[in-house]
Amino acid sequence: MSDGDLSSKYVLQTAGFDARFPNTNQTRHCWQNYTDYFKCVAAKGEDFAPCKQFKRAYHSLCPNEWVSKWDEQRDNGTFPASLEP
Amino acid sequence: MLQNFSIFNTIYNDAPQPWQLGFQDSAAPAFTGIVDLHNIIFFYLIVICVGVFWVLGSIMYYFNTKNSPIVHKYLNHGTLIELIWTITPALILTVIAFPSFRLLYLLDEVTSPTITIKVIGHQWYWSYEYSDYVTDSGQSVEFDSYMIPESDLELGQFRLLDVDNKMIIPVDCHIRLIITGADVIHSFAVPSLGVKIDATPGRLNQSSILAERTGTFYGQCSEICGVWHGFMPIAVEAVSVQDYLAWIDSV
């Protein structure tokens with residue numbers, strides 16, 4: 001694959017600076033994007049494009065282990081936060 | 001013989017040397033800043049050492065029993081000298097504090113990053129996750145990085161430093177590191193990149209790195225984390241952006 005194909009396939013872009021989380025501790029940054037995504041989906045549906053921003057952000061910031069644990073909790077109804085919009 | 005003492009060598013080729021006294025070669029603005037701060041403070045250290053030992057030596061030389069038989073039994077207070085030796089250190093500490101805080105806050109700044117890499121400390125290996133490119137169905141890039149045991153070392157590899165899967169970063173890109181631990185507290189440290197930050201379970205710490213040149217940079221876990229704490233090194237390979245994309249595509 002040529003370089004041109006690669007740079008169009010992989011966009012060097014990630015979750016930006018968020019003024020709500022200016023500190024070294026980014027735990028809440030990850031959590032907020034995770035809950036915001038599912039709140040967004042609950043309100044606007046899976047295909048609503050602006051929701052994807054939250055998904056990209058939580059994927060970039062949250063360890064995969066945390067994400068799968070929270071996914072499991074959502075499935076079991078034991079997720080410790082309301083995801084109602 | 002002299003070659004064994006690194007003080008006589010100046011090129012470290014980005015690997016720490018046995019008996020090395022100085023710093024490794026810098027590959028990032030953060031580490032250049034740290035080395036500069038060290039040098040600035042070392043100036044004050046030398047001034048203070050010369051002053052203290054000068055006074056100490058003079059006292060021993062001029063006021064020993066032979067030279068000065070008078071016992072200063074009732075001399076226990078001197079306002080002027082006490083003012084001097086209280087205020088002078090306070091001033092010196094203030095002068096040192098300014099460049100120190102400047103650097104501290106500069107290092108804390110995360111300049112709009114182009115990629116985020118998650119670093120997770122385990123007992124006793126590091127794992128890395130690159131999840132910026134996750135599509136709806138796609139998996140994120142994640143892999144474990146174990147030290148290469150001494151018996152498997154190949155010529156040119158470093159004992160206790162080389163790993164099977166290096167962390168690959170593009171050169172000249174601001175990179176956000178999200179660091180956490182999976183079991184106990186570890187600490188992710190790479191001297192050449194000027195980064196050392198705790199990997200605490202349940203908490204995501206953020207740090208920023210910028211490699212200014214290509215190369216492989218080594219670090220070690222810097223928080224006692226169990227019996228194999230000394231055997232979970234960190235190897236970071238900085239490559240060009242094209243090579244980075246080719247690597248991401250291949251894993």
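Cβ atoms here come from the backbone N, Cα and C positions, even for glycine.
Positions annotated as disulfide bond by TrEMBL: A:CYS30-A:CYS62, A:CYS40-A:CYS51.
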Counting every protein chain present, what is the number of Cβ atoms, excluding its own, within 10 Å of the Cβ of A:CYS62 (disulfide bond)?
26
How big is the gap, in Å, between the Cα of A:CYS40 (disulfide bond) and that of A:CYS62 (disulfide bond), rounded to a whole number?
18
I'd like the Cβ neighbour count for A:CYS30 (disulfide bond), meaning other Cβ atoms within 10 Å of its Cβ, all protein chains included.
25
Reduce the DSSP letter at A:CYS62 (disulfide bond) to three states and note it down.
coil
Taking Cβ atoms only, which of the disulfide-bonded residues A:CYS30, A:CYS40, A:CYS51 fall under 8 Å from chain B?
A:CYS30
At the level of the C-alpha atoms, what whole-angstrom distance separates A:CYS62 (disulfide bond) and A:CYS51 (disulfide bond)?
17
To the nearest whole angstrom, state the Cα distance for the pair A:CYS51 (disulfide bond) and A:CYS30 (disulfide bond).
15
